[in-house]
Amino acid sequence: MEGDRVAGRPALSSLPVLLLLPLLLSRAAALHPDELFPHGESWGDQLLQEGDDESSAVVKLANPLHFYEARFSNLYVGTNGIISTQDFPRETQYVDYDFPTDFPAIAPFLADIDTSHGRGAPHRVNGKVSGHLRVGHTPVHFTDVDLHAYVVGNDGRAYTAISHIPQPAAQALLPLTPIGGLFGWLFALEKPGSENGFSLAGAAFTHDMEVTFYPGEERVHITQTAEGLDPENYLSIKTDIQGQVPYIPANFTAHMSPYKELYHYSDSTVTSTSSRDYSLTFDAINQTWSYRIHQNITYQVCRHAPRRPAFPNTQQLSVDRVFALYNDEERVLRFAVTNQIGPVEEDSDPTPVNPCYDGSHMCDTTARCHPGTGVDYTCECASGYQGDGRNCVDENECATGFHRCGPNSVCINLPGTYRCECRSGYEFADDRHTCILITPPPNPCEDGSHTCAPAGQARCVHHGGSTFSCACLPGYAGDGHQCADIDECSENRCHPAATCYNTPGSFSCRCQPGYYGDGFQCIPDSTSSLTPCEQQQRHAQAQYAHPGARFHIPQCDEQGNFLPLQCHGSTGFCWCIDPDGHEVPGTQTPPGSTPPHCGPPPEPTQRPPTICERWRENLLEHYGGTPRDDQYVPQCDDLGHFTPLQCHGKSDFCWCVDKDGREVQGTRSQPGTTPACIPTVAPPMVRPTPRPDVTPPSVGTFLLYTQGQQIGYLPLNGTRLQKDAAKTLLSLHGSIIVGIDYDCRERMVYWTDVAGRTISRASLELGAEPETIVNSGLISPEGLAIDHIRRTMYWTDSVMDKIESALLDGSGRRVLFHTDLVNPRAIAVDPIRGNLYWTDWNREAPKIETSSLDGENRRILINTDIGLPNGLTFDPFSKLLCWADAGTKKLECTLPDGTGRRVIHNNLKYPFSIISYADHFYHTDWRRDGVVSVNKHSGQFTDEYLPEQRSHLYGITAVYPYCPTGKKYALGCAFKLAG
């Protein structure tokens, strides 16, 4: 049949197509007419009407066809070789798509009969090449670079091009023509009684080569795996190169003489061993080297294939022309070989062969050779080229006007073809040829459609498209949409001897009488005989004369110095001050209580160095004071504790450590992703510690999040964040609260504490006190999930590598899993269906697992295309399991059985925990140090809340004003919703 030059697929002419022919085909190779059963109109066969994609009239079967579980009595035959049980509705359903989908195809074969009379159609190969090489003594690595091969089957010419291999490796691979020689053997010109590799092995095989170079005995192993034909009938192949090759300097070229090889055939295996010489030349330099090659080709024999005729155990591959070339500008490595396969030659003179068959013709490399009588032949330039066939040059479609590029586009000529590119400001229409004007997106910051506060209070920041953000100007505080003036005077920014005056967005300072300066620095007036205490006292007394003034009047001793104890005459508060009149932090007492004891401060003592500081000092001394970039130095915080994240020198190789500096197993990262390390030592409280009781939230739906030593409250209005009503719900000094969940039946909030190594709870009623319910056998409890129906809680411990459960009062504790866990973190429960889900962010093999609530039927749900699955949530309404991945930066969902996986958002920052409510996801983020909301349907960011205290946020959960009820039977037993 004629080859389709446009689509690269065989198209059918008006030749007869046999009804049963595709069912008799046993391999992908074409059949010659003399291999068919007797056929023709005299044998009762029908002729199809002319056309590329026509189908026959209905063919009635005397005996019904059994196809899977159905029976068919009618068949249709298409000119493209497809047999179907119903007529073909339209061309695109079985020609343009990868596989017929709208009708049952029985035999989807293309080009089932070879009617090309020896001309043959070109074969194409696509693939990827990866390698780990030592070029001389230099390591070179490359991954999934492109390989393309073009084979002219009628004369056995094979052209191979490999793109973007690093220059040292590409230069050193020039002698390894067997990389492209595989396609020469695969599609070699077949002499009578012989078969090439494709006729024998088809499109699925493995080609292993062991090459040893001399005299250096460098050795390299090459594996080429054919994976079948793709939808375009291109052969797909993967190549892997491992080992060492001799170094070849730049500008040297490699030359190899024609050679012959013997291939030995047995069941499903082909072997060959040979030696080859090659020369390297540059100017007057000409060096000769050699290598020995062992080849082994394995394939699977089709057991349904008809018994093949007697086949020789040995065939000879004749390679008449060999070329290897590397273009440094294009970064393309090319091989070209001309091949024949036939019987082992005797010493007698060979029979003259047509030049088209042995490759000795003079046709251009971009031309096709057409054999004639005897040794006569003609040459024809390929499409996209012009000339007499012996010399073909590229046809510049852009210059001749034979292109389809429309207005506002640029035509770019390419070898044998062209492409269109739109000018700046234009983009392709659906036809990929016409360029249309790109409409600039609206800028809300310029057209005034933004919702930011007035220009004097906030600024609008455009992020592209219709997205923007608002930020309050210096001197104002808020979310950018609402900005309030900051009272800088309450922050004591002025000098103690100055008076502060607040103004909208700003403030000013003025030195008090007896001082001079700019208000930020005030110096006593040397001309005055008053002390600083006396000057402040006089100034306060002057201000006190104004009605309603409540200024503090400093108390001075007989020498005019500040008294160490100061008390406010109107409010009753007392505090200590230093000799300069500054308040000593933490000494203030309320009215009615005993005033503080204000004595001289104790002499400062220096704490002894910690383990981290001593280790750091020893290593620095060992390194000579200044470490190199590749030397490890422990990182310690201000208190001498190990920082949770440790990195090797200035590299991106990082890992997590515990409070003693020991590496946490499974956290070591590769460059590009920082592990999510949680601290184990709580930071000190600088401000006075509030009572650790609950500030009751208002009625309605709200979010609870954990941030270090506190649990935050963030109410929702529908699904919008009410950021102005956010507040601290609970403060716990010395804690690092990570996991959090809510029991809707008893209105209890539960949390894990990695610093205290405990699990606690507290009621949301007024004045409730926290209660510790698990305080032993924990090291780093992180994820927490509450089953409000079975009254059970589940948690993960990333150091103990366990998943445990207990009743909500801490009793009935049991270990569910303690094996095959490295870094378990997030955990979620589906109480309705009785399923448990958890993540393990093991850097070597991250995964998401599931089991029943009693620990039975454990299995891996997701273990591909995930990196650092920090957050996990189960949505009971959509019945979807969703997770946030800080490694892949994706938010994804799947059905409970792992099917139907889809990406909701693919550009997260650094998510930690996630919860689902209504049509939104809410997750905490370590890059933003806030709560971010994402729409479930559009996948777009909708809002974010950034607390005033900027530090990492950990767990997050949602609290509803209602509680789903269920009828509970027993742990692990089935139940149903009430009603």
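Using the three backbone atoms N, Cα and C, a Cβ is placed for every residue, glycine included.
The shown structure was predicted, so the numbers you read here are calculated from the model rather than taken from an experiment.
Which of Cys654, Cys656 pairs with Cys647 is settled by TrEMBL: its disulfide partner is Cys654. Here the candidates are Cys567, Cys576, and TrEMBL names Cys567 as the disulfide partner of Cys574.
Here the C-alpha separation of Cys567 (disulfide bond) and Cys654 (disulfide bond) works out to 53 Å.
Taking the domain 'EGF-like' (485-521) as a whole, pLDDT averages 82 in the prediction. Helix, strand and coil counts under DSSP for the repeat 'LDL-receptor class B' (791-833) come to 0 helix, 23 strand, 20 coil.
Cys654 (disulfide bond): 18 other CB atoms within 10 A of its CB, across all protein chains. Secondary structure by DSSP for the domain 'EGF-like' (441-484): 4 helix, 15 strand, 25 coil. Within the domain 'EGF-like' (394-436), the DSSP-based counts of helix, strand and coil residues read 4 helix, 18 strand, 21 coil. Calculated from their C-alpha atoms, the gap between Cys574 (disulfide bond) and Cys647 (disulfide bond) amounts to 48 Å. With a threshold of 8 Å between CB atoms, the same-chain residues lying at least 6 positions outside the repeat 'LDL-receptor class B' (791-833) that come near it are 658, 664-667, 676, 678, 739, 741, 743, 745-746, 748, 750, 752, 759, 761, 773-774, 777-785, 839-845, 851, 853-855, 858, 869-874, 876, 881, 883, 896, 913, 964, 966, 971, 975, 977.
Beyond the repeat 'LDL-receptor class B' (834-878), the same-chain residues lying 6 or more positions past its ends with a Cβ under 8 Å from any Cβ of the stretch are 666-670, 673, 675-676, 783, 785, 787, 790, 792, 794, 796, 803, 805, 816-817, 821-828, 884-888, 893-894, 896-898, 901, 911-916, 921, 923-924, 936, 964, 971-975. The Cβ of Cys647 (disulfide bond) has Gln635, Phe653, Cys654, Trp655 as same-chain neighbours under 8 Å, each 6 or more residues away in sequence. In this structure, the disulfide-bonded residues under consideration are Cys567, Cys574, and the one with the smallest number of other Cβ atoms within 10 Å of its Cβ is Cys567.
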